[in-house]
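Inspection log for the structure reproduced underneath, given as structure tokens.
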Amino acid sequence: MAAKDVKFDTDARNRMLKGVNTLADAVKVTLGPKGRNVVLEKSFGAPRITKDGVSVAKEIELEDKFENMGAQMVKEVASRTNDEAGDGTTTATVLAQSIVREGLKQVAAGLNPMDLKRGIDLATDKVVEAIKAMAREVKDSDEVAQVGTISANGEAEIGRQIADAMQKVGNDGVITVEENKGLETETDVVEGMQFDRGYLSPYFVTNADKMTAELEDCLILLHEKKLSSLQPMVPLLEQVIQSQKPLLIIAEDVEGEALATLVVNKLRGGLKIAAVKAPGFGDRRKAMLQDIAILTGGQVISEDLGMKLESVTMDMLGTAKKIQITKDETTIVDGAGEKAEIEARVAQIRAQIEETTSDYDREKLQERVAKLAGGVAVIRVGGMTEVEVKERKDRVDDALNATRAAVQEGVIVGGGVALVQAGKSLEGLTGVNADQNAGIAIVRRALEAPLRQIAENAGVDGAVVAGKIRESEDKNFGFNAQTEEYGDMFSFGVIDPAKVTRTALEDAASIAGLLITTEAMVADKPAKEGAAPAGGMPDMGGMGGMM
């Protein structure tokens, strides 16, 4: 086992603080509408330019192991805030830096670190309550656009597109962000349920120009096993022909004779038909087939339930106003399912989302909710160069996360003002001793740090701005760094999601509290230069001629 280097007391804390400051100083230049970019070196390709706090934090590794430990702990603040709220990583980093810096000063002055931490926790809980009380629901898509714009560093176009997408797919809809090949940023919305399985044979195509199969007022047969022969289905197919409606078969697979028979019937014009594979795999496939059944008012023909193809009747088939099938995707629009049943299914999937511990499962379950309840929108981000597209995509991702958070827990005044106003709730709060009171004072001072940083990035004196806002009785009064004006932040459209601000403070206080109470640090000793590698052979001389 390698020898360890151990640091204690002031030496350990100073090294740790240096690491915290190095990382936080690199991240905080991105804060606010006039925040700057950070350029990140890539091992291959062009450097990446970003204003996303967590992307900057993730790139930083320091040479000194003790400093690096401090930096990594603050990186954890940014990562946790990003995971929980999806935005607010820079705010969280600035708060953590301020709490750690002030806290370590007090520890150096002889105060008890544990009592300081208790005071910090006490103050944080009080401020979080105040933030929750200040939050108000998002009224309309204009406010959604404002939240998106602020999070995208003042680019109104991004905010507007996210608001449009959310309006179209609803709060339950899924919005994904992709890179676009062109210059423009555009939004595509898919209404109805779409899944990534296309037609099994190009002979099913009805629109030769677009190479799509389009079925209007269509019947849908859902079968969870493979279809290799149509013999058991003949009575059903005869009824379908009499009804003169098109039929879509969704099954695990349709192969061999069954597929050939369907194609021949389609070409002869006797039967308007198409077949696609069922989406998903294993248990997820069963669940998705059941979703389609509920959406279209049909039943899944499943051997688990003792159903056979021979006994399928017309009332077991689902129906939909329109179905469009390309070679890669199937879209079912306006299924005939009962609204109450669809809502019950959505509630059931939501309960599974609450219980699951896997991020992958959660994402897939949320997609299923969106397909049943809302729809799916794709924002394709464009730009002149690849570097610009990646930088804009970072901002669109942040803005999207911020708008989702705003819909969940409401909005508060932005620009760091809410934290300063919430800090007024600490007046009169006292701990059980003077050291805890010092912890409360640390949080009160730290709450001004994001506001000061936003002002300083805009080239204005942060202390003056913080003083003006502190003195104001109006809770919405703040400083708009974009226009450098004072006034009502709601009327300026400078608003933040309550969830983002709350999460940033909770995560910053949690990890800063751990750093303040650190008394010793242990790291591997660096290997001495020129030391022989362990286990090497003493002499390999005289073997130079061997190839």
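Including glycine, each Cβ sits where the backbone N, Cα and C put it.
What Swiss-Prot says about this protein:
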BINDING   T30, L31, G32, P33, K51, D87, G88, T89, T90, T91, G415, D496  ATP binding site
REGION    528-547  region 'Disordered'
COMPBIAS  538-547  compositional bias 'Gly residues'
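For T30 (ATP binding site), the count of additional Cβ atoms within 10 Å of its Cβ stands at 22 [all protein chains shown].
Neighbour counts of Cβ atoms within 10 Å were taken for the binding-site residues G32, K51, G88, T90, G415; the minimum is at K51. Residue annotation for ATP gives T30, L31, G32, P33, K51, D87, G88, T89, T90, T91, G415, D496. The furthest Cα pair among them is separated by 17 Å.
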